[in-house]
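Heads up, the thing below is written out as structure tokens.
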Amino acid sequence: MRVFPLKDAPLVLLSLIFFIWGLITVSSNSLIPHYKEAFSLDYKMAMLFPMAFFITRITVSLPTSFVMAKIGYRTTLKFCLIWCLLGCLAMAYLVRGEELVPTLIGILLMASGVSAIQVVSSPYVSLLSTPDKSVIRQSVATASNSVGTVLGPLVLTAVILVATIFNIDNTAHQVSYLFLFIALFFFGLLVFFSKMTLPDIKPKQMTGFWRGLRLLIKNQQFMKLALVLLLYIGVEVSFGTFTIAYLADQQYGDLGLVFATQIIALYWVLMFVGRVLFAKFGNTVNKHYLFSLSCVIAALISAVAVYQNYVWIGYLMLVVGLCNSALYPIIYAQALHASGKQNSQGAAILIMCSIGGVVLPFVQASLIDELSLSTSYIAPGLAYVLMMVLYWSSLKHRV
């Protein structure tokens, strides 16, 4: 029995795209220690790699949105798939030279394609359905993204293991093979794209691109939801990153870095399970109250982490993955609806909000240096409270 009818082949393609960018994003984060080893860097310099990855959210999103407004979603998606394929091949080639600057350029090229394809595919998922089903379809796609985030570290480990079996012990060469594997996946997506009929949609835009952008920035509901999304991405990355440190630190979990890194997969698994459940039952619940409940539970867990220093707190923090599971599809669908006729510009701004994955973790890292690891959870706790305030405030501006 087919999981999706033939008419939902576009959803299958877009879900595969969500999957691979989730895998790339988490793999890139997991690669930081490998880059540090390959280039003999300290931790401060090693932060250049995630910075290079996330900065593309700012530099690429609006230009992609502009192109999308001119030539439509389908054609833009085709070019983005080609861009991702070539970007991964460039990364695979440049990292083999074991030189810092060329590798950073490779990351920029690869991540630029990933950022561009997010601008196209995120709204495309919602726009290929009726408004009442857009949240559920968005949840199906983001569940696929969660599968990618779960498998990312496992695929990375498998590639390194296979490379070692073939006596390829050089870290840079192992990373190169990972991106060759990902490039092959993008080639398969291009073949799939060419064999199917994907409906073309042009952004519902009655004004010029830049005028539409100015109108959108004045849209209070959309901008508040964009801030909510920025904060959400920040807390998602913070818990996915610093919970490893909490579980590994001798003062807290004392599980060791290797075991803690394995356990964090449960965080992403719970997020995946939550998104699958939301995709199935999301239409039966009040999404606004579900959003608030998820934020309250996550904020309470953050508060407990501030005041208690036990290993079970680290395990409890994994539950935040379940809390986060419904937040992204709810925020994104609400924000895209609020963007109205400026949906292409809206998609670009929402992708740019991924910079929250750098901002909030940096704030928490600063608190760790100045205070302590446990006290630093004040940052995500307050972020969840602010998310609720902004979200409910945005509802007052509905038209």
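Using the three backbone atoms N, Cα and C, a Cβ is placed for every residue, glycine included.
Taken from TrEMBL as is:
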type	residues	note
TRANSMEM	12-35	transmembrane segment
TRANSMEM	47-69	transmembrane segment
TRANSMEM	76-95	transmembrane segment
TRANSMEM	101-125	transmembrane segment
TRANSMEM	146-168	transmembrane segment
TRANSMEM	174-194	transmembrane segment
TRANSMEM	225-247	transmembrane segment
TRANSMEM	259-278	transmembrane segment
TRANSMEM	290-307	transmembrane segment
TRANSMEM	313-335	transmembrane segment
TRANSMEM	347-368	transmembrane segment
TRANSMEM	374-393	transmembrane segment
In contact by Cβ distance (the transmembrane segment (225-247), the transmembrane segment (76-95); 3 or more pairs under 8 Å): no
Annotated stretches the transmembrane segment (313-335) and the transmembrane segment (259-278) touching (3 or more Cβ pairs under 8 Å): yes
Result, the transmembrane segment (12-35) in contact with the transmembrane segment (174-194) (3+ CB pairs under 8 Å): yes
Contact ranking winner - 101-125, 146-168, 225-247, 290-307 against the transmembrane segment (347-368), Cβ under 8 Å: 225-247
Cβ contacts under 8 Å made by the transmembrane segment (146-168) with residues that lie 6+ beyond its boundaries: 18-27, 30-31, 174, 177-178, 181, 261, 265, 268-269, 271-272, 275, 325
The transmembrane segment (101-125) and the transmembrane segment (12-35) contact flag, 3+ Cβ pairs under 8 angstroms: yes
Ranked first among 12-35, 225-247, 290-307 for CB pairs under 8 angstroms with the transmembrane segment (259-278): 225-247
